[in-house]
Amino acid sequence: MKAFWVLTKLQLMQAYSLNPLIQGKKWGKLLGFGVLGLYLIGIFAFVVYFFAEGIVRAFAALGALEAFPPLIAALVCVSTLVFSIYRASTMLFSARELEITLAMPVRLSAIVASRVMGLYLANLPFALMVTIPAIVPYIRAAQPGALFYPIFAVCTLAAPLVPVVLAAIVGALVAFASSRFRAAKYINMLLLVAVSLGAMYFSFTINANPEAMASLDLGAVGETLSRAISRIYPLSELYARAVARGDVLAFLGYVGVSALVFAAFAFALGRVFLPVCTSIHSQRRSARRYQLGAMKRSGVLKTLMLREWRHLTAVPMWIFNSLFGLLLALIGGVLLLINKNAVLAFMAQEFAPQLGVDLPLGAMLSMVLSWLVSMSCLTGCTISLEGRTLWQLKSLPVSGRDVFAAKVLLNILLCAPVSLAVGVLAGVAVGVSGALDWLWLLLTPCAYLVLIVLVGLLGNIRWHRFDWTNETAVIKQSLGAMLPVLVSMFTTLPVVYFLAVADDANALMGAITLALVAIDLFLAALLRKKAGRWYASL
């Protein structure tokens, strides 16, 4: 049992990259990361609460308040399943860590159990960050009894058990297929996009047209919602009876089934663990027959950009994590063109009541687009992803200025055309007529994009990581990846409030855009001047 807990602790320390900080006794940096983590958790909790409150109001108006707790459980389970597929294959079947642990004087059952438990504990914080803020509006609306709280706490702890098992199975299949079929990782990325967009579409349709929902048969709506949620999450009926109604038998059934599935999977995996790992890591794709073709000649910058493009397309998680905001912006622009009334009603319902004023539409669309576009930063982890191959790049007869310029230009060339296209779609859809409104809609998001791209690269030059064993640690958990997100939120979301209370929205947008252009020019000049020294220090 002691070996099990020690191995589990090591799994978690590796998952959250705590080993270098603790072993190096970098307590100041560890404290800084802790404070930053708490701040990000607070922001995430506020966003979850914000949207959950709107859904609870809609459910209460429909007389279907009991359907809210299983809905949250279903969303947590689906999200855990989808976003754990890559992590599951890495944490369970990583070859490098397996060779080390098999050499230790511990039983194979302890190794397997620690990996399964580590996967569960790595996903538990996400479940807590979603369910705890989301349940607060429900408690205020439903006023549940005292039995609700212990039942809800235990059910929340049990909620990730089944999706973790499914994620492990799917992750094993993806890892097995990836060793034979290169496109499997792209299929998984498309699955991530589809499920994420489906969850947001569900939330949007619930909030977008409250008048239409109010005219429905309220008695039938609750039953329909319950059936729909049950199709997504088969255990939701037991969860609803346990949490919303305080049914002790349903509570025992829900927790018992979840724990039984988890334990059965751990036992079964222990019996076939080594054969599965051997099958995954022993098979390699056969290389295509190489054929010598005509030599191509390109400039230094173009060649480096093509190299960066091939690196990007080889890591689907990098694409998904960095360009998801751009995808949302494109979908939003198309939705505005198709059904602008529903989108504008959604914006008015969600944001105007909180601000208490009418929104300046043109400037507000510009800031929403700026926020989505500025979330699309590839440069935040581009240096770290070079990893152990950085020496190959540094051995080329190219300057650091060219290397950094290629990384910046590729990000801008991928995102700027989409930003301009979405700006045109949104402007045509809502009927923007003023020249200044068009200027803010097209220029301001691009200025934000350049700012975030430069900040991401500068941050990754300063806080890079080359000790990773899988891309997930860099793409999702590194400071370089989080810094552009923080800068994006700090520089866009406060402007939305100031726009709502400003007497002259055009003057404010002009000042912001000019400030952004000035900062962009300063950062570009700084990068150009210091590129050689920074590149040599990597």
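Each position is counted from 1, following the chain as shown.
Quick reminder: no glycine exception, Cβ is built from N, Cα and C everywhere.
TrEMBL labels come from automatic prediction, so no person has curated them.
What TrEMBL lists as transmembrane segment is 30-52 (among others).
Per TrEMBL, the feature transmembrane segment maps to 58-86 (among others).
What TrEMBL records for 117-139 (among others) is transmembrane segment. Beyond its flanks by at least six residues, the transmembrane segment (117-139) meets 4, 7-8, 11-12, 15-16, 41, 44-46, 48-49, 52-53, 56-57, 65, 68-69, 72-73, 75-76, 79-80, 83-84, 87-88, 91-92, 148, 152, 156-157, 159-161, 163-164, 167-168, 262 of its own chain at Cβ-Cβ distances under 8 Å.
Summarising the annotation, TrEMBL assigns transmembrane segment to 151-177 (among others).
According to TrEMBL, the transmembrane segment annotation covers 189-208 (among others).
The transmembrane segment annotation in TrEMBL covers 251-274 (among others). The list of residues near the transmembrane segment (251-274) in space but at least 6 beyond its ends in sequence, with Cβ under 8 angstroms from a Cβ of it, reads 92, 108-109, 111-113, 116, 120, 151, 154-155, 158-159, 161-162, 164-165, 168-169, 235, 238-239, 242.
Taken from TrEMBL, the feature transmembrane segment covers 315-339 (among others).
As annotated by TrEMBL, transmembrane segment applies to 359-387 (among others). Here the transmembrane segment (359-387) has Cβ contacts under 8 Å with residues 308, 311-312, 315, 318, 322-326, 328-329, 332, 344, 347-348, 351-352, 393, 407-408, 410-411, 414-415, 418-419, 422-423, 426-427, 430, 432, 434, 437, 440-441, 444-446, 448-449, 451-457, 459-461, 464-466, 468, 471, 474-475, 478, 480-485, 487-489, 491-493, 495-496, 499-500, 502, 505-506, 508-509, 538 of the same chain, all six or more residues outside its ends.
Residues 301, 305, 308-309, 312, 323, 326, 329-330, 332-334, 336-337, 340, 344, 361-362, 365-366, 369, 373, 376-379, 438, 441-442, 445-446, 449-450, 453-454, 456-457, 527 of the same chain sit 6 or more residues outside the transmembrane segment (408-432) yet have a Cβ under 8 Å from a Cβ within it. Residues or ranges marked as transmembrane segment by TrEMBL: 408-432 (among others).
Positions annotated as transmembrane segment by TrEMBL: 438-458 (among others). If one looks beyond the transmembrane segment (438-458) by at least 6 residues along the same chain, the residues whose Cβ comes under 8 Å of a Cβ in the stretch are 362-363, 365-367, 369-371, 373-380, 382-383, 404, 407-408, 411-412, 415-416, 419-420, 423-424, 426-427, 432, 480, 483-484, 487-488, 491-492, 506, 509, 512-513, 516-517, 519-520, 523-524, 526-527.
TrEMBL lists 479-501 (among others) with the feature transmembrane segment.
Same-chain residues lying 6+ beyond the ends of the transmembrane segment (507-527) with a Cβ under 8 Å from its Cβ atoms: 363, 366, 404, 408, 436, 439-440, 443-444, 447-448, 450-451, 454-455, 457-458, 495, 498-499. Residues or ranges marked as transmembrane segment in TrEMBL: 507-527 (among others).
Beyond its flanks by at least six residues, the transmembrane segment (479-501) meets 33, 36, 40, 43, 321, 351, 355, 357, 359-360, 363-364, 367-368, 370-371, 374-375, 377, 379-381, 383-384, 448, 451-452, 455-456, 459-460, 463-465, 508-509, 512 of its own chain at Cβ-Cβ distances under 8 Å.
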